[in-house]
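Quick look at what TrEMBL lists:
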type: DOMAIN; residues: 31-146; note: domain 'Ig-like'
type: DOMAIN; residues: 171-236; note: domain 'Ig-like'
type: DOMAIN; residues: 248-336; note: domain 'Ig-like'
type: DOMAIN; residues: 341-441; note: domain 'Ig-like'
type: DOMAIN; residues: 446-538; note: domain 'Ig-like'
type: DOMAIN; residues: 542-640; note: domain 'Fibronectin type-III'
type: DOMAIN; residues: 658-758; note: domain 'Fibronectin type-III'
type: SIGNAL; residues: 1-27; note: signal peptide
type: TRANSMEM; residues: 773-802; note: transmembrane segment
Amino acid sequence: MASGGVKLNSASITILCWITILGFAQCQKIPSLQIMPAASVQRKPVGNSLLLTCRPDVPDSTLISDLRWSDSRNMTIPPKATKYYYPQFDSKGRKLPAKAGQSSPPIYTESIAGGQALALLFNSLQESMAGVYYCAASYSVTEQLAASVLVETYVAITWKDAPEDQRPILGEDYIVRCEVYANPPATVDWLRDGDPIKSSGRYVIENRGLLIRNVSESDDGLYTCRAAVISTGELAKRVIRVEVQIKPEVQQLPTVLNAVEGQSFSYLCNATGKPVPEFQWIKKSTQQNVADIDRFSVNALTGQLDISRVEQDDHDTYTCVAKNAAGISESTTKLNVLIRPKIIEFMNITVPEGQEAVLACRAFGRPPPEITFRRYGTTEEYRVGLQVSDDRIVLDMQENAERSETIGNLRISQLDKTDDGLYDCIARNPGDVAYKVGHITVEYKPNFDHLKALPPVYTWEQRPANLSCFAQAIPNATIEWRWNDRRVADLYDINMKIEEQGFRSDLIITPREHRYYTSYKCVATNRLGRDEHVMELREARIPEAVAQAKPRSVSATSMTFDIIPPAFEKGLPITAMSVQYKEEFNPDWNTAMNRTWSPDSPYIVEGLRPQTSYSFRFAARNVVGLGPWSAYVVHSTPKRSEPETPKTLHTPIQEEDEEDDAIVASPYADHFELRWNVPVDNGEPINFYRVKFCPGSKVNGVWTELEGACLEEDITTTTHYEMRDLQADTYYRIELLAHNAIGFSRPAHLLLKTARGIDVVLRVDDRALSSAAVIGIVVGCVLLLLLVIDILCCLIGNLGLLAMMCRRTKRSPSDLGDEEKLGSLYGWRFPLPYCSGSLIKERPPSPSPLPPPIVKLGATTPIDDEKQPLNTLPDVGGKMNSSVEFDGRGVQIRSGEIIGKNSAV
């Protein structure tokens with residue numbers, strides 16, 4: 001080469017030549033077919049889809065023709081639009097069954113990339129589709145191109161029989177199912193709570209699953225079935241919940257259940273099991289589920305059988321069936337329908353006295369009822385056989401099981417009148433009790449036992465008398481009256497009249513002559529016999545003279561008498577006692593005072609004058625009239641003095657060694673209400689009472705008081721006093737005195753013992769206002785309000801009471817009556833300053849002296865000097881009559897005429 005250029009030696013030229021040759025060779029590409037994916041073996045699980053693409057790799061793709069896919073049998077696989085292709089042989093050369101009814105071909109080809117490639121599509125790989133698949137084509141007409149790929153399939157882990165919830169039965173062997181299918185085959189192991197289970201003892205791993213021997217409740221839980229294919233590396237788990245079930249077991253039913261006809265019936269069938277069993281009741285005779293029968297209902301969850309109304313046809317055998325997924329259990333019982341007893345015959349009987357009475361009672365029921373009897377209104381029943389309390393009475397009973405009837409006979413021999421009356425027949429069986437009332441009527445001859453104790457009949461002054469006669473008899477008796485052994489009805493005497501009043505007969509006698517005061521005979525007759533009763537009519541007279549009367553206690557203003565009344569005849573009692581009394585030196589009994597007492601009241605004369613001598617005379621009264629005055633007594637009243645000793649109204653308790661003072665017990669520990677009677681005031685009214693009480697003790701008969709602990713209080717308006725703030729379980733000595741203008745009475749003493757204080761009622765220290773005080777305050781407020789309103793009306797409109805009183809004061813003196821004139825004398829004491837609208841500044845002159853006050857007898861004003869004469873009553877010009885009656889609680893005094901109690905005069 002020229003100088004300045006590059007010189008190449010032979011070696012370099014050689015290398016350049018080779019490079020040029022190699023590049024040219026590469027530019028000359030060899031035609032071929034490529035299958036994508038590029039791996040020569042395609043391993044896929046059964047059921048998956050697969051796409052294989054065959055693409056020519058040639059210099060000129062337009063020279064490719066007849067591009068196709070074929071299987072290992074050189075069967076061309078058509079495209080989708082043509083007839084479907086189905087493999088006829090599996091990978092091992094075994095002929096496959098024909099496929100029909102496919103909606104889409106399992107294997108087909110499809111041109112893609114604008115015709116430059118051909119795809120082979122497997123919709124769902126099956127084991128039979130495994131094998132070699134070929135892709136072939138012609139290039140430039142003369143050159144044949146080919147490529148192949150091996151398709152291998154395997155079966156993924158499939159849970160063939162492995163339910164997620166399985167329920168073994170208690171006490172049985174059970175296989176927890178877990179069957180796995182895989183190709184290549186999978187290995188299976190078991191876990192519980194994360195821990196592996198090994199085949200040993202109660203657990204055995206089998207191909208079908210895990211065998212558990214003799215299942216117990218502890219086998220409940222979650223089990224894991226784990227499958228693995230080592231060659232593919234596939235691992236799958238199935239969690240299985242195992243819940244042990246228990247077969248139901250029905251609690252044994254009673255052999256017989258009793259139900260009462262016409263009533264409702266319920267019975268609970270109990271059973272155990274897991275899950276909770278459902279119940280049915282089956283009627284044996286018809287094999288019906290009783291839930292489908294009218295009147296029956298069954299609670300399938302609790303097993304309760306209900307019959308709304310039991311009928312005779314329900315008498316049958318019934319089976320209680322309990323069923324759950326683990327099994328079935330049943331128990332049988334007989335329903336015995338009881339028929340409530342019914343008394344179908346119980347007749348009243350009538351039997352003469354002295355004979356035998358048979359009271360028969362017939363009753364029906366299932367089972368046949370037992371029959372007893374009893375007297376109506378009593379609880380004691382007669383028992384079968386001879387009665388211990390009365391050997392005349394025998395009860396026998398005959399039972400007829402076929403007819404379900406029982407007949408009971410109550411036999412009473414030697415029947416007596418006392419056996420007459422109502423009797424209960426009682427029929428009872430397990431279903432119920434029935435009652436029915438029957439009557440035994442005892443017939444007997446007439447008798448007058450009820451009239452024998454009656455007194456004679458009295459009358460006087462020709463007043464009509466009524467002799468009533470009625471006999472006790474069954475049947476009723478006829479009555480006949482006889483006088484001197486002659487029938488009154490045959491005498492036709494106008495002074496005798498017979499009136500019939502049913503079973504009673506009245507003989508009305510008007511005794512116009514003395515001969516009618518005699519005996520009369522009443523004769524009663526019935527078919528069993530007769531009886532007679534003598535009744536006497538007597539003439540009544542006034543009482544005899546009072547035998548004796550003498551003063552028992554005397555005070556300045558009263559006297560109490562002991563009176564011995566005269567003897568009286570039976571049927572003509574004393575109805576009242578009367579007294580007349582006057583001052584001794586008054587000779588006229590016509591001016592005497594009168595007082596009448598009932599016979600059972602205290603004979604007390606009150607309202608007497610102190611230091612006065614009185615004459616008394618007494619008489620007895622009956623229905624005829626007042627007897628003669630007799631039993632004259634002269635006695636003087638003492639001078640006025642202090643009151644008598646008051647008497648406490650408490651019942652003492654009995655204790656030993658207490659001779660002086662009575663002891664009373666308080667039911668309370670902290671208070672006690674002392675009550676007493678008003679004593680005689682002895683001429684001067686009592687103005688207050690003094691109560692003194694001291695705590696202390698009595699030792700060896702000597703009372704010792706606690707110093708400084710005594711309380712004393714005066715009571716002016718009542719005869720009771722409440723002692724407060726007492727100590728529990730303590731003795732108190734109470735002293736009670738009455739006071740008048742003369743002085744204090746002798747004290748009444750009482751020992752009080754308070755309660756122990758276990759149930760002490762706490763009391764408020766401050767005394768609350770009583771209800772009377774509250775009412776008084778309210779009334780005062782109302783009156784004050786009315787007064788204010790009246791004053792305002794007077795000032796504003798000249799209205800109201802004050803205005804009216806002002807107008808009346810302006811009338812002339814001649815218009816005033818005597819009462820108003822007398823009232824005006826007091827006007828200065830109660831000035832009315834608001835009537836004229838201004839206050840009265842000067843007091844009016846004093847009026848004339850006031851008249852002396854009227855003083856009631858026995859209630860005079862206290863006088864310091866005993867010698868001062870008593871104020872007397874104004875002379876009313878006549879005598880005052882009064883009567884005194886004692887009602888058991890107090891003496892009642894009435895003024896007026898002296899009329900005997902219940903007097904007919």
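Quick reminder: no glycine exception, Cβ is built from N, Cα and C everywhere.
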Segment confidence, the domain 'Fibronectin type-III' (542-640), expressed as mean pLDDT
93
With contact taken as 3 or more Cβ pairs under 8 angstroms (pairs 6 or more apart in sequence), are the domain 'Fibronectin type-III' (542-640) and the domain 'Ig-like' (341-441) in contact?
no
DSSP helix/strand/coil residue counts for the domain 'Ig-like' (446-538):
6 helix, 52 strand, 35 coil
Mind checking how the domain 'Ig-like' (341-441) divides into helix, strand and coil residues in DSSP?
3 helix, 64 strand, 34 coil
Tally of helix, strand and coil residues over the domain 'Ig-like' (171-236) according to DSSP?
3 helix, 38 strand, 25 coil
The DSSP breakdown of the domain 'Fibronectin type-III' (658-758) into helix, strand and coil residues is 0 helix, 50 strand, 51 coil
Could you put numbers on the helix, strand and coil content of the domain 'Ig-like' (248-336), residue by residue per DSSP?
6 helix, 50 strand, 33 coil
Counting each residue once, how many in the domain 'Fibronectin type-III' (542-640) are helix, strand and coil under DSSP?
3 helix, 48 strand, 48 coil
